[in-house]
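Each remark here refers to the structure printed beneath this line.
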Amino acid sequence: MTTAIRRAAGSSYFRNPWPALWAMMVGFFMIMLDSTVVAIANPTIMAQLRIGYATVVWVTSAYLLAYAVPMLVAGRLGDRFGPKNLYLIGLGVFTVASLGCGLSSGAGMLIAARVVQGVGAGLLTPQTLSTITRIFPAHRRGVALGAWGTVASVASLVGPLAGGALVDSMGWEWIFFVNVPVGVIGLILAAYLIPALPHHPHRFDWFGVGLSGAGMFLIVFGLQQGQSANWQPWIWAVIVGGIGFMSLFVYWQARNAREPLIPLEVFNDRNFSLSNLRIAIIAFAGTGMMLPVTFYAQAVCGLSPTHTAVLFAPTAIVGGVLAPFVGMIIDRSHPLCVLGFGFSVLAIAMTWLLCEMAPGTPIWRLVLPFIALGVAGAFVWSPLTVTATRNLRPHLAGASSGVFNAVRQLGAVLGSASMAAFMTSRIAAEMPGGVDALTGPAGQDATVLQLPEFVREPFAAAMSQSMLLPAFVALFGIVAALFLVDFTGAAVAKEPLPESDGDADDDDYVEYILRREPEEDCDTQPLRASRPAAAAASRSGAGGPLAVSWSTSAQGMPPGPPGRRAWQADTESTAPSAL
């Protein structure tokens, strides 16, 4: 016999977790804002600091690489010391590093400060998903993650617009200075509104962190510098060395029986595994496309940073409007068909855009594929996050969110590095003078990368051809979605749980809360009804893991893995014997 337990009044954040969510979104918003702002400012930074294309790309890649590496351990650090504490540390580091970026007088100092920024962002981001997973029940998590996606979309809109206006009026340094007051406000809100969740003891696999960091750095460095080094043998040796480090990292995680950096059990969930593949694909495509489109808009079309930002605005507006509705849809239905639709629109929109990237294309024709990209983003980001986290056990929340975000950042940094190599090769093939023509004018008054008239057409062709890479990669997202869609409908539970399901709602999430967060003055009432056979069968795995996942979430219950342990209690007891 089990008990139905009412939480005490002190646990208000489980009943109303929204203030904590909005407090966390301030820091998340600032990180997303920073990414889009720098993309718009890259041509101006390149012109004013008198640096070449290969160097300015490191302003983005260094940040993304430093962002990705600590996220693997940041989830565990959040579990050990509390996600609130790690969030505050990450936001503080990011804010101070933003000040350093704005004070930079050269490319070296700017890139170094961007690395510190990335570390702060890497510590902060996993705490948002981990906290959402722990304070929102499964049946409300889709709406919460829809709001999370809306914040990202709004940042994608505000970031380029604000960044373009700041670059045009005050200089590129102010795209970093603006983070300082926002960061201070975010720290104050987080300190008061984010709950202090229970800590879990963890060991930290620092050897694994070193292996993964070395592997990712070598791969990214080889890809990004390969074209400029004419793909000499030492470049290939660097890339192979990076792959070797990553292979050793995977082997070490499999052998580490104490507590691996990545608990491989999270990949037993097919949804989580394929969601990681697809988040890497969308991050690769999204980050990769920003580089050629931004350079095309400013160097070929002659748009200012502000006008370039306006060109991206339809994507953010459409994505922000649709994201909450998509969140409600996936709370009530299987998200896998939604993902297939989203990735299809993404591939079509990118192909459409590359066909329009010519010197004489009217601006209104460029806006149309950007609208389609907004539709694609709304139908990809939130469904991916919900699919990845819906079945995860609470004690894996920190590690799994760290893995998910690290894979996303790894996809982004690989997209940036691969695009750097691909763009450089296309520029060398299409333009007289090759990459040297991209150094642009020097001087503090240069805000737009200016090209001679006779090279604008070949440069536009090079940028258009560069868009083939993210468009091609987006196709793999469609393939990944098809692997999960069961056209016979067997993947979705056909019979819901009975209305009177006894103690079928006492899943691992409830047990976790009762064990980790005991409350005083809780009223307990014994439930006399026995577990229905249908509910017990679904909990034991009948119908497959997807059937368990979507049938429980449809009933508004936090999902638990199949095969939960049976409580052994006397029929006259008022509490489970395990408690």
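Including glycine, each Cβ sits where the backbone N, Cα and C put it.
These features come from Swiss-Prot:
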type	residues	note
TRANSMEM	20-40	transmembrane segment
TRANSMEM	54-74	transmembrane segment
TRANSMEM	86-106	transmembrane segment
TRANSMEM	142-162	transmembrane segment
TRANSMEM	174-194	transmembrane segment
TRANSMEM	204-224	transmembrane segment
TRANSMEM	234-254	transmembrane segment
TRANSMEM	279-299	transmembrane segment
TRANSMEM	310-330	transmembrane segment
TRANSMEM	335-355	transmembrane segment
TRANSMEM	366-386	transmembrane segment
TRANSMEM	467-487	transmembrane segment
REGION	516-579	region 'Disordered'
COMPBIAS	526-540	compositional bias 'Low complexity'
COMPBIAS	570-579	compositional bias 'Polar residues'
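Comparison of 54-74, 142-162, 204-224, 310-330 by number of C-beta pairs under 8 angstroms to the transmembrane segment (279-299) places 54-74 first. Tertiary proximity for the transmembrane segment (234-254) is limited to same-chain residues at least six positions away from its ends with a CB under 8 Å from its CB atoms, namely 205, 207-208, 211-212, 214-223, 225-226, 260-262, 264. With a threshold of 8 Å between CB atoms, the same-chain residues lying at least 6 positions outside the transmembrane segment (142-162) that come near it are 17, 21, 25, 28-30, 32-37, 39-40, 128-129, 132, 136, 175, 178, 306, 308-310, 312-313, 315-317, 319-320, 323-328, 330-331, 374, 377-378, 381-382, 385-386, 389. The stretch in 174-194, 204-224, 310-330, 335-355, 366-386 that contributes the largest number of Cβ pairs under 8 Å to the transmembrane segment (54-74) is 204-224. Just going by CB pairs under 8 A, the stretch in 86-106, 310-330, 335-355, 366-386 that sits most against the transmembrane segment (174-194) is 86-106. Outside the transmembrane segment (86-106) by six or more residues, the chain places 24, 27, 30-31, 34, 49, 74, 77-78, 112-114, 116-117, 119-128, 131, 173-177, 179-180, 183-184, 186-187, 190-191, 194 with a CB less than 8 A from a CB of the stretch.
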